[in-house]
């Protein structure tokens, strides 16, 4: 970890803070003792967030801190509610509901999806932190065609704080009940690459309206899929469902698609998170054919590759060898718990040197061309699966190489390693 506190390249991407340039060395050798003492302190101060940080940037940092720690906070609150007799009148009925409700695994996310919740200001702050941008390369045919009086209506609000120079801009979107709309087009299965640490871009682009998803792809309601273990935390699972996030199990994915709700799957999974590196992009894709089978078993669906430039720049990941003790522990954890824990670091809440908050690295989520799967086949043969898998990889590579120079990685190669 000797490079932990010396990652100057990373720190230059941070904040654009007023402290930039604070470590410039004075060439004048006749410095006074006071100047020398100040110069000694400057490298230490560089890592701290300045008090002059704009209020809006503080809100962005808090939004990201909430997202990265929300599952822990919900867990703590649940334990507090269970251990507090005064709250049992609420905790007991909820826990009964929690044990019997199967919404995350039965496609019921369609009924729990809330555009109003996805449009809360916190998600705009979250996306502006990096920032995250959602870019479409072609227009996608809407699954639902909305009449003008059914379109998303946006209202803007401004709340003045004290002192008056601070204010919070709020946006509120009207809700749309797609269940009462006529389906006029295909559904979509978006494959998101690369996984990175936490798929931060996928959350901002497809689980919230922070990137204006409903305006960029109108009439295509979407559910981001994640590990079923995330729904084992009380309250947190309802929070995820309100954002349209659901379990990535095959049964749930098929049921969600059958209800004309498109889905987004982070294809590389837990194993790919171990490959996160700023030196290039490595994907786990050759053996990932389950999502292709889902599309064929659904029919009238488009496979759409999505590449997020900058996803792997949000954290520094310490590489481990497969034969090392740590590498074996990571693989064991993945095999037994369904996910793994990469060794990573970035910045903290009040400093830029070390912590678990991601860096402010731009994430450009570029959506490729759709690959239409017309015919529904309940048990697709291998040659059909391989055919669409090859088409998908070809489109993903085209998407990457046509856009890599535009988004700052002109020489980085795309490697499919597993």
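Just so you know, glycine gets a Cβ as well, placed from its N, Cα and C.
Checked against Swiss-Prot, the range among 124-144, 145-165, 166-186, 187-207 recorded as transmembrane segment is 187-207. When the ranges 9-29, 30-50, 51-71, 72-92 are checked against Swiss-Prot, the one recorded as transmembrane segment is 72-92. Membrane topology taken from Swiss-Prot puts residue 116 and residue 407 on opposing sides. Of the given residue ranges 248-268, 269-289, 290-310, 311-331, Swiss-Prot assigns the label transmembrane segment to 290-310. All chains included, 20 other C-beta atoms sit within 10 angstroms of the C-beta of residue 260 (N-linked glycosylation site). Spatially, the transmembrane segment (72-92) is not adjacent to the transmembrane segment (290-310); fewer than three Cβ-Cβ distances between them are under 8 Å for residues at least 6 apart in sequence. In the three-state DSSP classification, residue 260 (N-linked glycosylation site) falls within coil. Long-range contacts of the transmembrane segment (187-207) within its own chain (CB-CB distance under 8 A, at least 6 residues past either end) are made by residues 67-68, 118, 123, 126-127, 130, 132, 134, 140, 143, 213, 220, 222, 224, 243-245, 257, 260-270, 272-273, 275-276, 281-283, 285, 291, 294-295, 298, 300-308, 310-312, 314-315, 317, 342, 344, 358, 363, 365, 367, 370, 392, 396. Confidence over the topological domain 'Lumenal' (93-186), given as mean pLDDT on the 0 to 100 scale, stands at 79. Helix, strand and coil counts under DSSP for the topological domain 'Cytoplasmic' (311-418) come to 38 helix, 20 strand, 50 coil.
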